[in-house]
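*Asks:* Structure incoming, see below.
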Amino acid sequence: MQLHRINTMDLKHSLRDLCMNPRHTSWAAPLLILGDAVLCALIIWRVPYTEIDWTTYMQQISLYISGERDYTLIKGSTGPLVYPAAHVYIYNILYHLTDEGRDIFLGQILFAILYLATLTVAMTCYRQAGAPPYLLVPLVLSKRLHSVFMLRLFNDGIAAFAMWVSIFLFMNKKLAAGVIVWSTGVAIKMTLLLLAPAIAMVLVLSLSFGPSIRLGFLAVLIQVLFGIPFLRNNPAGYVSRAFELTRQFMFKWTVNWRFVGEELFLSRKFSLALLALHLLLLGLFVATVWLEPSGSNLPSFLQRLIQRRYRTASLSKSFVMTAMLSSLAIGLLCARSLHYQFFAYLACATPFLLWQAGFHPILVYVVWAAQEWAWNAYPSTNASSLVVVLSLAAQVFGVLGNSFSRKHLDQSSQKEHMQ
């Protein structure tokens, strides 16, 4: 009886160590990726491809190949070209690789490789940030994420890959390379602009103000270089189409705000309220979570920065990853409208953010599962859209609240030490 009890305790200890000890991620990650590769093959083999934008992409590329450089005249069956120039160049390559877009099967294989590459980089970031192995499992179980990459062939998959590569580079202090890859991602789809506030903080904390400004100019220069063929022809048309910020979203496609009703969704007041919330949350994160490595409050930090007396901080990999993913989550929470393909950016970020929020592993899985259900509900419902917003709120306010809790504990321990 006692031996059985000891064996049970040993088993529990071993299972806990397997789930919680970060050293196990070095072998767990390759096994999960290998298993997911098999799953990808099964999906391509068994699940029918769904045509949404691929044909339109190919029609637009056909016009580009024929010599059209006026962005306002490049269109397809489902609408005009509304993505920056790097999207055109990448799908131009895919156009030629897939027999002008006709070889869908090859396209799916290429996107499966892209998916596995994205997953590999994301898991590498998790491992370097010291995340426990149990967080890796949800990364390979997302039905919607597999769909975005392999069954839809959306450009969001390519942009998500660029996002994770840039996060990896910033974590490893390859700041210039990180800026180049991130800006290239923005030139595929400007959703990656949501990471800009955190990237600015990482650069300023790591390099101070002057060098950060230079890297900011580098990011802008990359956008100009990508856009040159179109800027020469119709600069206003290119900028207005590729970086349109005033687009009117359709209520029937929204994943996140269906529960507020169409009248409120379409109102200018709602749009301004979301913008105000976005700015407020960014301000809170700058003043608390993202400023933590500087060891000072916001006024003194700004004063030292202006007076050029700021000493650069050494940023942990976990901090960099948290900053960039929380900036993404804030942007998605306050987004005017989310569509299903946006899950390409969020899917691999959620487990890490919930862990950084200090949630119990069971709660991490509950919130993750609820979010996965909500993003798989088609069409979206009042209930599913509410869960989308609440799960994002859990990530954003969880990270913010955990940061406040840590600061309070640190202050309390310092007082006890002084006494």
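Residue positions begin at 1 at the first shown residue.
Cβ coordinates are placed from backbone N, Cα and C, and glycine is handled just like the others.
Annotations per Swiss-Prot:
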{"type": "TOPO_DOM", "residues": "1-24", "note": "topological domain 'Lumenal'"}
{"type": "TRANSMEM", "residues": "25-45", "note": "transmembrane segment"}
{"type": "TOPO_DOM", "residues": "46-77", "note": "topological domain 'Cytoplasmic'"}
{"type": "TRANSMEM", "residues": "78-98", "note": "transmembrane segment"}
{"type": "TOPO_DOM", "residues": "99-103", "note": "topological domain 'Lumenal'"}
{"type": "TRANSMEM", "residues": "104-124", "note": "transmembrane segment"}
{"type": "TOPO_DOM", "residues": "125-147", "note": "topological domain 'Cytoplasmic'"}
{"type": "TRANSMEM", "residues": "148-170", "note": "transmembrane segment"}
{"type": "TOPO_DOM", "residues": "171-178", "note": "topological domain 'Lumenal'"}
{"type": "TRANSMEM", "residues": "179-207", "note": "transmembrane segment"}
{"type": "TOPO_DOM", "residues": "208-212", "note": "topological domain 'Cytoplasmic'"}
{"type": "TRANSMEM", "residues": "213-231", "note": "transmembrane segment"}
{"type": "TOPO_DOM", "residues": "232-269", "note": "topological domain 'Lumenal'"}
{"type": "TRANSMEM", "residues": "270-290", "note": "transmembrane segment"}
{"type": "TOPO_DOM", "residues": "291-314", "note": "topological domain 'Cytoplasmic'"}
{"type": "TRANSMEM", "residues": "315-335", "note": "transmembrane segment"}
{"type": "TOPO_DOM", "residues": "336-348", "note": "topological domain 'Lumenal'"}
{"type": "TRANSMEM", "residues": "349-369", "note": "transmembrane segment"}
{"type": "TOPO_DOM", "residues": "370-383", "note": "topological domain 'Cytoplasmic'"}
{"type": "TRANSMEM", "residues": "384-404", "note": "transmembrane segment"}
{"type": "TOPO_DOM", "residues": "405-419", "note": "topological domain 'Lumenal'"}
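Can you tell me where each of these features sits in this structure?
*Replies:* Using a Cβ-Cβ cut-off under 8 Å and counting only residues 6 or more beyond its ends in the same chain, the transmembrane segment (25-45) has close neighbours at 105, 108-109, 112, 115-116, 119-120, 123-124, 126-127, 131-133, 136-137, 139-140, 146, 150-151.
Within the chain, the topological domain 'Cytoplasmic' (46-77) has long-range Cβ neighbours (under 8 A, six or more residues past its boundaries) at 88, 91-92, 94-95, 100-101, 104, 107-108, 147, 151-155, 229-230, 232-234, 237-238, 240-242.
Same-chain neighbours of the topological domain 'Lumenal' (99-103): 54-55, 57-58, 61-62, counting only residues six or more beyond its ends whose CB sits under 8 Å from a CB of the stretch.
A Cβ distance under 8 Å defines the sequence-distant neighbours of the transmembrane segment (104-124), meaning residues of its chain 6+ beyond its ends; these are 25, 29, 32-33, 36-37, 40-41, 44, 49, 54, 94, 97-98, 136, 139-140, 145-146, 149-151, 153, 157-158, 160-161, 164-165, 167-168, 348.
A Cβ distance under 8 Å defines the sequence-distant neighbours of the topological domain 'Cytoplasmic' (125-147), meaning residues of its chain 6+ beyond its ends; these are 18-22, 24-26, 28-29, 32-33, 35-36, 39-40, 43, 50, 115, 119, 164, 167-168, 171-172, 317-318, 321-322, 340, 343-344, 347-348, 350-352, 355, 361, 364-365, 368, 372, 375-376.
Each residue in the topological domain 'Lumenal' (171-178) has a pLDDT score, and their mean in this model is 98.
Helix, strand and coil content of the topological domain 'Cytoplasmic' (208-212), in residues and according to DSSP, is 4 helix, 0 strand, 1 coil.
Among residues of the same chain six or more beyond the topological domain 'Cytoplasmic' (291-314), those with a C-beta under 8 A of the stretch's C-beta atoms are 201, 204-209, 403, 407.
Note on the transmembrane segment (315-335): residues 125, 128-130, 163, 166-167, 170-173, 193-199, 201-202, 205-206, 256, 274-275, 277-278, 281-282, 285, 289-290, 292-293, 342, 345-346, 349, 352-353, 356, 389, 392-393, 395-396, 399 of its chain, located 6 or more positions outside it, place their CB under 8 angstroms from a CB of the stretch.
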*Asks:* Counting Cβ pairs under 8 Å that are 6 or more apart in sequence, does the total for the transmembrane segment (179-207) and the transmembrane segment (384-404) reach three or more?
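*Replies:* The transmembrane segment (384-404) and the transmembrane segment (179-207): touching, no.
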*Asks:* Among 78-98, 213-231, 270-290, 349-369, which stretch has the highest count of C-beta pairs below 8 Å with the transmembrane segment (384-404)?
*Replies:* 349-369
*Asks:* Write out how many residues of the topological domain 'Lumenal' (171-178) are helix, how many strand and how many coil, based on DSSP.
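*Replies:* Residue counts in helix, strand and coil order: 5 helix, 0 strand, 3 coil.
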